[in-house]
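A.B. asks: Next up is a structure, given as structure tokens.
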Amino acid sequence: MARGPNPLILLGLASVSFIAFATIVRKREQSAPASLRFQDPPPPEDKPQHTSAVFDHTKVTVLFVLGGPGAGKGTQCANLVSDFGFCHLSAGDLLRAEQHREGSQFGELIQTCIKEGTIVPMEVTVKLLENAMRAALQEGRTREGWAEGRGRFLIDGFPRKMDQAMKFDDDVCQASMVLFFSTTEEVMLERLLERGKTSGREDDNVESIKKRFTTYKETTMPVIKHYEALGKVAEIDSSPSVEEVHLKAKAVVEKILADKK
Ligand code: C5P
Ligand code: MG
């Protein structure tokens, strides 16, 4: 009689594949510095005295911007940039730029994660954000909120996973608040499919969108809950029109910036 494969052999094969995969991922992570042009730490006077973070959260305001894919984060960030002079950094955009950067050793890894709607290993994303923040602070911006080593950032689509949140708050800059744009999956799906007609994005298709929704529910919602428990979440219903959502978001940010003064 025909018998199925021996379960012990199957288990063995699965373990070997897992160990090989984990080793590849770890090697890539360990080699992150060269490819992402890791820079020297900032001079001591730039470093906050009370934490080990790179940027001082009393001078540098970071607002995380979260919400499901298609919730309108990017659109609303653009409005808030013109209202308040924020520097808008989209984690997804930075990853796509790194994916296409010639010589990047993370191109393939990023492409796979984006297509599958999974989260890129956090070291890559956190380092891209840190480098972009440093560049913006060194630019000598002149708008309100940027004098004497101060700065204001909207970090869009980040942190999508608890490890990203912890690493960023501890090592880069403690975030002041999370702007949480919430709406239904139906609204998000409709917006993403509409955007997909012209975005050229590899993940604006029904198959990838479903995976992104799953990652959002399973991996990103716990991050929002974490900040909620700290009293750091401002939820904004993003179902209405762009302008209506903008007015609400503007009022929320006005208050956050006033409280911080
Ligand atoms: O925010 P956006 O939809 O542009 O992100 C696209 C993809 O980039 C995500 O689905 C995910 O694969 C990756 N990403 C990530 N970590 C983040 C932001 C985006 O891994 N914090
Ligand atoms: Mg976006």
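Note that Cβ sites are derived from N, Cα and C of the backbone, with glycine treated the same way.
Curation plays no part in TrEMBL annotations; they are all automatic predictions.
Annotations for this protein, taken from TrEMBL, read as follows:
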- Gly70, Ala71, Gly72, Lys73, Gly74, Thr75, Arg195, Pro240: ATP binding site (BINDING)
- Arg96, Thr118, Ile119, Val120, Gly157, Phe158, Pro159, Arg160, Gln164, Arg201, Arg212: ribonucleoside 5'-phosphate binding site (BINDING)
- 90-120: region 'NMPbind' (REGION)
- 194-204: region 'LID' (REGION)
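Help me picture these features in the structure, burial and contacts included.
C.D. replies: Taking all protein chains in view, 15 other C-beta atoms sit within 10 angstroms of the C-beta of Thr75 (ATP binding site).
Long-range neighbours of Arg96 (ribonucleoside 5'-phosphate binding site) (same chain, six or more residues apart, CB within less than 8 Å of its CB): Ile110, Ile114.
Confidence for the region 'NMPbind' (90-120), expressed as mean pLDDT, is 97.
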A.B. asks: Output, ordered by sequence, the same-chain residues six or more apart from Ala71 (ATP binding site) with a CB under 8 Å from its CB, or 'none'.
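C.D. replies: Counting only residues 6 or more apart in sequence, the Cβ neighbours of Ala71 (ATP binding site) under 8 Å are Phe181, Ser182, Thr183, Met188, Ser238.
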A.B. asks: Once near-sequence residues are set aside, which residues in the chain of Lys73 (ATP binding site), 6 or more away, have Cβ atoms under 8 Å from its Cβ?
C.D. replies: Val65, Leu66, Gly67, Ser90, Asp156, Gly157, Phe181
A.B. asks: So among Ile119, Pro159, Gln164, Arg212, all listed as binding-site residues, which is physically nearest to Arg195 (ATP binding site)? Use the C-alpha atoms.
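C.D. replies: Closest by Cα distance to Arg195 (ATP binding site) among the binding-site residues Ile119, Pro159, Gln164, Arg212: Arg212.
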